[in-house]
Structures are given as C-alpha cells and as structure tokens.
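Step one of this worksheet: look at the structure below.
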Amino acid sequence: MKALLIVGLLLLSVAVQGKKFQRCELARTLKKLGLDGYRGVSLANWVCLARWESNYNTRATNYNRGDKSTDYGIFQINSRWWCNDGKTPKAVNACRIPCSALLKDDITQAVACAKRVVRDPQGIKAWVAWRNKCQNRDLRSYVQGCRV
C-alpha cells in the first residue's frame, strides 16, 4: 500500500512539473513550429530566451506583485497583455487564449502567442530576459550540435 502511495505521489509531481525540454529537443520543436527566422529572430535567440525565462519548463509561472499579473509557460508570456487568466486586472489578451494554454507540454499555442508578441513594435525586446541574457551575445551554443 505504501509503495502505491509513493508511486501516486511521484506521478502527481511529474504532472505538476510539466515538460522540461532538453535544449536540442526544444530547438528542433521551435524550428518545426516555424520560429527559426520569424520576424528576423534566429532560432538561437528563441532557445536562449526560453532558457532564461523558464529554464525550458512548460509549466513555469511567475507572479508579478506590482501589476498583479503572471508570466506563463516556456516563454513566460504575461497575463497583463497576452493571455487571460481570469484574475489579472485590465488584461488585454492580445493572443486571445487562456493562460493555461501556455502551460501545456504541447507548445504550439505558446509559439503562436510568442509570434504575436514579436509582431508588436518592441519585437523580441519585449522580453527582459532576452535583453539581459541574449541580446548582442554569441548564441551559437544554444543550437550547437542540435542538427537544426
């Protein structure tokens, strides 16, 4: 009985953690979903962004006390502007999706929303982590050995 309980708890913890991509697995997935070169943003920039925003974790969330918004998913897309979580005041929901869609292991909707973000005038600069960790850096290591 104890063993069954332990197995159940382990399965629950895996379900809560979501999918944590490996670097090359993410690079291949993003390429397949059309992010390589989208709006002039290289695949290496997208992988770098995901590394520093979520550590490649689809279930990452971060609450922002200042404006009471939350960042969701592998790209940490914000509920103030891009998705609806039902609790962020004055949310815009420009991607027209529930924020929960950004937490799925299948990142198709997260990629579609990220494409929407970079179509705005700020482009990829909308992400602070990209500006701080990826901008003007040699990013080849993010796709090196990935055969993409």
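Any Cβ shown, glycine's included, is placed from N, Cα and C.
Since we're looking at a predicted model, the values are computed, not measured.
Disulfide annotation in Swiss-Prot: CYS95 is bonded to CYS113, selected among CYS99, CYS113.
Over the domain 'C-type lysozyme' (19-148) the predicted model carries a mean pLDDT of 98. Around GLU53 (active site), the same-chain residues six or more apart in sequence whose CB sits under 8 Å from its CB are ALA60, ASP71, ILE74, PHE75, GLN76, TRP127, ALA129, listed in sequence order. For CYS83 (disulfide bond), other Cβ atoms within 10 Å of its Cβ number 29.
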